[in-house]
Amino acid sequence: MSASAATGVFVLSLSAIPVTYVFNHLAAQHDSWTIVGVAALILFLVALLARVLVKRKPPRDPLFYVYAVFGFTSVVNLIIGLEQDGIIDGFMTHYLREGEPYLNTAYGHMICYWDGSAHYLMYLVMVAAIAWEETYRTIGLYWVGSIIMSVVVFVPGNIVGKYGTRICPAFFLSIPYTCLPVWAGFRIYNQPSENYNYPSKVIQEAQAKDLLRRPFDLMLVVCLLLATGFCLFRGLIALDCPSELCRLYTQFQEPYLKDPAAYPKIQMLVYMFYSVPYFVTALYGLVVPGCSWMPDITLIHAGGLAQAQFSHIGASLHARTAYVYRVPEEAKILFLALNIAYGVLPQLLAYRCIYKPEFFIKTKAEEKVE
């Protein structure tokens, strides 16, 4: 493959601009099932055009076509975000009103911006890597964590939240977004991991140091313990814990946790049942040397937390959130400090695992034992 294939995918994604404009005007004249059929046809044509772009030398990695289609939908989501902010008009108005009204929520607004910016950049990078036959395993795992986190919160939130009674046929367009990332995740994970050619002496010296002689790791351990407590606390709030402390926190710090849209409640439960076990596992990995799985699960978790905290912070402060559920003005500094710190911690841990992996590399003796 040549670099022109990656450029072609970029241009193909930009075709979403005229396509959404025409689609919006057609959607206003047809029923919901017709809209779903046309949308599915458009996505199929995008995949077909991506295949035409690389007809002479098709990629070895079939995920090229997945990223091409998802890149197109990322531009669509960016258009939705811009239209919701009143920057543009007439592109997705009817679809937002009749197709997926839950995208009009503050949370829906934020995930549109995340998909249209962060995910879009990841797709372009991964497409370029495939075109140049380079590995993209690191950014691929980060993307897997990010998109699966958005699906795990957004799809159930649409069903159990206040828009649950307004589920339209367009909801079925979420099926590819649910299935394809899982398939992609397995393919990316099974790609060859990076080989670290560190001398045995360097690895042994790094692994011989206990936690007290690794100040950065010690700081991470302390932060992970605090983050675990924070996750459990907000999870209890999501489960309607009657404790006075939970009531006060919800009332004066994060009233958004009680938003009837249900996204924040599901997000806190995901943190409780997904992040807490991860934090415990990461604590083990930072104490016991040779845990070669640490970089991979850390990347996946870092991607998920980046998406989740961006959406949660943005929705908590967004004007589309009812005033009674927005973060009070006097609580904003503490709210931002806690939530930004919680979102940054997994990124620091991922940086630690990827760029200084000596502590997590298995020695040859350990590999022989296995």
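Cβ coordinates are placed from backbone N, Cα and C, and glycine is handled just like the others.
Small disclaimer: the values here were computed from a predicted structure and weren't measured.
If you check Swiss-Prot, you get these features:
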DOMAIN    60-185  domain 'EXPERA 1'
DOMAIN    216-350  domain 'EXPERA 2'
TRANSMEM  3-23  transmembrane segment
TRANSMEM  34-54  transmembrane segment
TRANSMEM  62-82  transmembrane segment
TRANSMEM  110-130  transmembrane segment
TRANSMEM  139-159  transmembrane segment
TRANSMEM  166-186  transmembrane segment
TRANSMEM  218-238  transmembrane segment
TRANSMEM  268-288  transmembrane segment
TRANSMEM  331-351  transmembrane segment
Item to check | Cβ contacts under 8 Å made by the transmembrane segment (34-54) with residues that lie 6+ beyond its boundaries | outcome: 1, 5, 8-9, 12, 15, 19, 23, 26-27, 64-65, 68-69, 72-73, 95, 98-99, 169-170, 172-173, 176
Checklist entry - Helix, strand, coil residue numbers for the domain 'EXPERA 1' (60-185) per DSSP? => result 103 helix, 0 strand, 23 coil
Checklist outcome for this item: In the same chain, residues at least 6 away from the ends of the transmembrane segment (268-288) whose Cβ sits under 8 Å of its Cβ atoms read 149, 152-153, 211, 217, 220-221, 224-225, 227-228, 231-232, 234-235, 237-239, 257, 294, 297-298, 301, 304-305, 308, 349, 359-360
